[in-house]
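Below is one structure, written out as structure tokens; the observations come after it.
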Amino acid sequence: MRQHRIVLLPGDGIGPEITAVAKLLLDALGHQHGFKLNFEQHPIGGVAIDASGSPLPASTLEACQASDAVLLAAIGSPRFDALPREQRPETGLLSLRAGLKLFANLRPVTILPALIDASSLKANVIKGVDLMVVRELTGGIYFGQPKGRIEADGDERAFNTMTYSRTEVDRIAKVAFELARDRSGKLCSVDKANVLDVSQLWRDRVDALAANYGDVELSHMYVDNAAMQLVRNPRQFDVLLTGNLFGDILSDEAAMLTGSIGMLPSASLGSEGPGLFEPVHGSAPDIAGQDLANPMAMVLCAAMMLRIGLKENDAARALEGSVERVLAAGFRTGDLMSEGCTQLGCAEMGEQLLQAL
């Protein structure tokens with residue numbers, strides 16, 4: 001029997017509730033599809049600060065590094081807002097990404113038929129949308145040097161540096177090309193090569209790598225046009241590749257095509273070692289412990305983990321199918337409620353998903 005070592009990081013807020021749902025379904029899928037998941041649970045974020053004083057204990061990082069995949073629920077609590085930034089729960093996530101050497105962030109955006117009316121865009125615009133934003137996570141203007149604020153000539157000036165190396169562009173582009181090859185074979189690289197030198201290097205390297213992927217149709221688009229096209233005609237896209245700053249903005253824009261942040265998973269990958277799979281939503285401390293959380297994003301993270309991290313494609317498809325069937329049957333958590341639907345709590349939604357498997 002195939003065995004996989006999984007680290008669960010429930011974290012803060014609603015994290016434990018949605019983690020319990022994901023684990024329930026993953027255990028069932030293992031029995032159905034002939035594999036066993038060996039789970040370890042470790043603290044991160046606010047709960048880790050409470051227990052050990054650190055948002056990422058060394059034991060948590062070591063367990064993650066030794067795993068096959070990491071499933072993280074949520075990090076953050078207003079209780080820690082008064083702490084210096086480097087001591088807050090969120091720094092645990094940044095340290096985890098660094099410790100796992102993750103550089104590629106994947107954000108899928110899929111419009112499910114049962115939720116098409118949840119979007120603020122017209123149904124005829126978003127029907128059939130199924131795209132993936134691939135964002136470079138560790139370079140670009142967020143990390144470039146020099147940066148800072150200075151006083152000079154009686155004025156104050158602030159500056160940041162947008163920089164990418166050939167190596168950084170090549171490794172993220174390879175991730176996007178491979179994803180496009182496994183999907184519809186279409187890749188759109190987003191840059192600002194008409195203005196920025198760094199984008200000209202980006203485009204040159206993506207073009208150079210395209211020679212190795214003759215089965216992938218490559219196009220380029222300036223970021224301002226891409227932002228417009230995501231709203232005007234999102235169906236034209238399959239895989240979108242872009243840098244850290246542009247990807248930060250475009251992935252949030254694309255996410256809102258769905259109409260609910262409670263349905264959005266993500267993955268962060270490195271060249272080797274385990275991937276990190278986490279919902280886009282936060283820890284929602286205002287509803288924590290009340291059985292009100294929507295577990296769907298966490299469940300879809302589990303599906304991404306099965307497909308990308310563990311290569312258990314049949315189980316991933318089964319889990320995604322259960323989500324579609326439960327929504328089609330009219331079951332909703334409070335954040336997705338609409339007329340004629342049946343409202344469920346987090347645990348009840350988990351039971352419905354289990355039955356739908």
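Each residue, glycine too, has its Cβ placed from N, Cα and C.
Keep in mind that what you see is a predicted model, and the values were worked out from it rather than measured.
There are 17 other Cβ atoms within 10 Å of the Cβ belonging to R97 (substrate binding site). As annotated by Swiss-Prot, substrate binding site applies to R97, R107, R135, D224, with the evidence given as sequence analysis.
A simple way to gauge crowding: the CB of D224 (substrate binding site) has 12 other CB atoms within 10 angstroms, across all the protein chains here. Residues annotated as Mg(2+) binding site in Swiss-Prot: D224, D248, D252.
Taken from Swiss-Prot, the feature NAD(+) binding site applies to G282, S283, A284, P285, D286, I287, A288, G289, Q290, D291, L292, A293, N294, supported by sequence analysis. A C-beta separation below 8 Å, combined with a sequence spacing of at least six in one chain, links Q290 (NAD(+) binding site) to none of the other residues.
Around Y142 (site 'Important for catalysis'), the same-chain residues six or more apart in sequence whose CB sits under 8 Å from its CB are N244, L245, listed in sequence order. For Y142 (among others), the entry in Swiss-Prot reads site 'Important for catalysis'.
Classification of K192 (site 'Important for catalysis') by DSSP places it in coil, neither helical nor stranded. Per Swiss-Prot, the feature site 'Important for catalysis' maps to K192 (among others).
Residue with the densest Cβ environment among the binding-site residues D248, D252, D286: D248, by other Cβ atoms within 10 Å.
Sorting the binding-site residues R107, R135 by the number of other Cβ atoms within 10 Å puts R135 first. Excluding D224, D248, D252, which define the Mg(2+) site, the same chain contributes V223, A227, L245, F246, G247, I249, L250, S251, E253 within 8 Å (Cβ to the Cβ centroid), listed in sequence order.
Non-local neighbourhood of A284 (NAD(+) binding site): G13, I14, A74, A293, each in the same chain, at least six residues away, with C-beta under 8 Å from its C-beta.
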